[in-house]
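Accompanying notes for the structure given below.
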Amino acid sequence: MFGFEYDPVIYSRILTALTLGFHIIFATIGVGVPLMIAIAEWMGIKRNDPHYTLLARRWARGFVVTVAVGVVTGTAIGLQLSLLWPNFMQAAGHTIGLPLFLEIFAFFFEAIFLGIYLYTWDRFKSKMKHFLLVIPIVIGASASAFFITTVNGFMNIPQGFELVDGVLTNVNPLVAMFNPATPTKVAHVIITCYLTSAFILGTIAAIHLIKGNNHVYHKKALHLTMVSGAVFAIATAVIGDLSGKYLHEYQPEKLAAAEWHFETETEAPLILGGILTEDNEVKYALEIPYALSILAGGTPGSEVVGLNDFPEDELPPLWVHYAFDLMVGIGMYLAAVSVLFVVMSWRKKWNPLNKPLLWAVAAGGPLSMIAIESGWVFAEVGRQPWIINGIMRTEEGATTSAHVDIMFVLFVTLYIILGVTCAVVLRRMFKKNPVEHELEKRGMEQPKRVSNE
Amino acid sequence: MSYEVVGITVLWIFLYGYLIVASIDFGAGFFSYYSRITNKKHVVHNIIQRYLSPVWEVTNVFLVFFFVGIVGFFPDTAYYYGTALLIPGSIAIILLALRGSYYAFATYGAKDSHLYSFLYGATGLLIPASLTTVLTISEGGYLFVENGNVQLLYGELFTSAYSWGVVFLAIVSVLFISAAFLTYYASRAKDKPALEVVRKYALSWSLPTIITGIVVFFLLGKRNPEHFSNMMDLWWMFGISFVTFVGATVLIWKRRNYGTAFVLVMIQFFTAFFAYGAAHLPYLLYPYLTIYDGFTNEAMAIALIVAFIGGLLLLIPSLILLMRLFLFDAEYVEGKK
């Protein structure tokens, strides 16, 4: 297949990338949407506005469908780690067993309360009681992101053990978990999940408004998601800056690869876009003087280590620059759109619901997901050739099994089927039961009297 | 108790938990489909749906818990089982993925589709079969290990009476456990017609379960005499298992105390499962891996046990809340909420 010789390492890498790439679409939604649901339900209670409560309710309904796919693909990646990377798991199990285990607890916690939350909309007299049930879901979702990201942090900055003749000794699980990569990675992952989810829900509202469906419900949805989006986007920018400083200090080769920065120097420029020729010349790029030094060290005088200072067989592929730029570019775009929307809503005379801005918001959802994917690709490919940075090379961690190619075909088929059905089901769910219909059915004057679903 | 024994006990308890909750779920899927093709759907569909909807996700966690836990406590298992089980493991993942997501698509997407229902029923029987591969190969003789390369001997796996015995045992047990639970649930729901249907299921699967159980017991004797003789030392546990089985079946037969009957079924499987597991020790994978040579370092063991206790303190109250709301709340079970 693909015209190259069977190599379990290559196939294991592609299959892991595929599963993870598919999983993070749903995982991102799984981490971010509960917070948006919580905010909407809270607004509904505080303002005594049934529109927000209905918003929470409809989001929650769509959310379960995506959760299901997230759960099953999460199970898949969990098992695949052992099936495709047995040597890695054997070595790393000694140091990262704890966060993996804790992640399951967080997930367990979330699963229990999600079941309760969905089936108790009308069971408690006090709305507040039902709202409280969403809090463990938000905590559980973000906590599982936290724990699993510390594992990834460990793979980037392994610590908390000593390697004596190839054997791991003196293990300290907490030191391994709270490695230098953990703070920026965790913060970045969680905040971008929030940002992406806000934009995906914003996209839905924007599309309804573009279609000329001017119901106040959609306006409230758009406003809520864009105000949250603006907050998350600004936080993302701040954390992104910290991530740059982290890379500069701990993984300079990753930063240098992202920025095509070859010579170690001070006053280093930041390179946007462009292409790299075969003799490592950067063409058609936009250079911002000093920006890389400022990003990395805070001052133009900061010295940034270049790619030429590393042995060639320890460098990641240089195309990660494109993934990096795509992520940063989309991040900027999302910040601009959401902040613009918020500013325009403040001013009485300006109309934030103009068509061009609505289109810009509508594009934000899919774009933010692309940014998530490219950010992951950058982070993961950027630490190649290592599976545990500086300790174990990727090819040493992979399975030796002879059938990874067949499994790859099977999983591609599975994800296509799951992805398509999920989209179809979600579409039909909301098409068949539009908001107007539900408002009417629930008799919004007495929003308490609704049947169980 | 040493950390190794604590670790494997914790994991075994979770695997037992999965055995019960997943059996209920897998069997329910099958019965749901079966009742559909026999035109009894309207009778049992509701009670199955009322039970499963809030808990299906929790079921999945038990499994994830087990396989993440075993890699945490015994990292070497990742190497042996991971390398050998690529194909059966991947097939199990695919089936679980189809099952979980199509359940959600059908339930929350509100479309009553014959295909979804079939997928849900069929995977419910195929998943236990594919998962049992792990237990089968743990008995030894199904792996080829040379120069650090582990291979699963498919010829041996597919032609051995023991491996087929385990597959059948898994399937009939799933159906029996599930039917016994649904009988209890239907009686709580005061749903007479449904109760009649699922009670019949429970009775018709009781005999196959105990017969297959005994057959597999002796097949294991041929397969792994050492394990078998260890099991014979624990004969009294299998004795309890048999007695509780008889008790459960009699109660269901006499239409009495369905709740007690289900508890007896749980004890039946608990004793058999723990006697089987205890007799297997110290091997995790006969004869390559014991709980001692595959164990994680001490610091991680302590951390995992502390995390486990902390986790349970959080989980148990939440699980109790879940059960009180959906299992023991008479009004919910009866469909009034």
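Backbone N, Cα and C define each Cβ position, glycine as well.
Features as listed in TrEMBL:
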type     : residues  : note
TRANSMEM : B:12-34   : transmembrane segment
TRANSMEM : B:55-74   : transmembrane segment
TRANSMEM : B:80-98   : transmembrane segment
TRANSMEM : B:118-144 : transmembrane segment
TRANSMEM : B:164-186 : transmembrane segment
TRANSMEM : B:198-219 : transmembrane segment
TRANSMEM : B:234-253 : transmembrane segment
TRANSMEM : B:260-279 : transmembrane segment
TRANSMEM : B:299-327 : transmembrane segment
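Stretch with the largest number of CB pairs closer than 8 A to the transmembrane segment (B:260-279), among B:12-34, B:80-98, B:234-253: B:234-253. Contact between the transmembrane segment (B:55-74) and the transmembrane segment (B:198-219) is not supported: fewer than 3 Cβ pairs lie under 8 Å, counting only residues 6 or more apart in sequence. Each of B:80-98, B:118-144, B:164-186, B:234-253 was scored by its Cβ pairs under 8 Å to the transmembrane segment (B:198-219), and the highest score goes to B:164-186.
Residues 19-20, 22-28, 30-31, 44, 47-48, 51, 124-125, 128-129, 131-132, 135-136, 194-195, 198-199, 201-202, 205-206, 208-209, 212-213, 215-216, 219, 248, 252, 258-259, 261-262, 265, 269, 327, 333 of the same chain, all 6+ positions outside the transmembrane segment (B:164-186), place their C-beta atoms under 8 angstroms from a C-beta of that stretch. Counting only same-chain residues 6+ beyond the ends of the transmembrane segment (B:118-144), those with a CB under 8 A from a CB of the stretch are 22-23, 25-30, 32-34, 80-81, 84-85, 88, 91-92, 95-96, 98-99, 102-103, 106, 150-153, 156-157, 160, 162-163, 166-167, 169-171, 174, 220, 223-224, 227, 280, 283-288. A Cβ distance under 8 Å defines the sequence-distant neighbours of the transmembrane segment (B:12-34), meaning residues of its chain 6+ beyond its ends; these are 41, 44-45, 48, 51-52, 55-56, 58-59, 62-63, 65-66, 69, 99, 103, 117-118, 120-125, 127-128, 173-179, 181-182, 198, 201, 266, 269-270, 273-274, 277.
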